[in-house]
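Below you'll find the structure, written out as structure tokens, and then a few comments.
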């Protein structure tokens with residue numbers, strides 16, 4: 001079974017590019033990373049930084065998560081991210097996404113030993 005940490009990497013890490021390559025980025029990535037298998041995942045964020053830099057956020061600024069849990073951390077520095085948001089015309093299995101690039105602080109939830117990101121909470 002896929003671990004929570006591995007799922008985070010699959011759904012949110014794209015260290016191989018510094019930003020979204022094209023307006024088609026989300027359509028390609030959401031499909032290739034298995035987020036359109038059973039349904040269209042409505043919203044997802046990819047982070048274009050090294051895994052080490054994203055894992056380091058787990059020891060950065062302690063903040064509350066959206067759901068009120070306290071295991072979230074905000075990055076001290078901004079990171080290159082791409083937001084993928086389902087378009088109005090998107091219909092499973094033909095999932096369609098709008099690609100938006102940004103430089104923002106990320107907020108992740110961390111757990112385990114080693115203490116690593118398991119959930120992408122928000123970007124600010």
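For all residues, glycine too, the Cβ spot is worked out from N, Cα and C.
Remember, predicted model here, so these are calculated numbers, not experimental data.
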From 1-25, 26-50, the residue range that Swiss-Prot assigns the feature region 'Disordered': 1-25
If we count other C-beta atoms within 10 Å, could you say which of the recorded positions 43, 58, 65, 84, 110 has the fewest? 43
Helix, strand and coil residue totals from DSSP for the compositional bias 'Basic and acidic residues' (1-13) stand at 9 helix, 1 strand, 3 coil
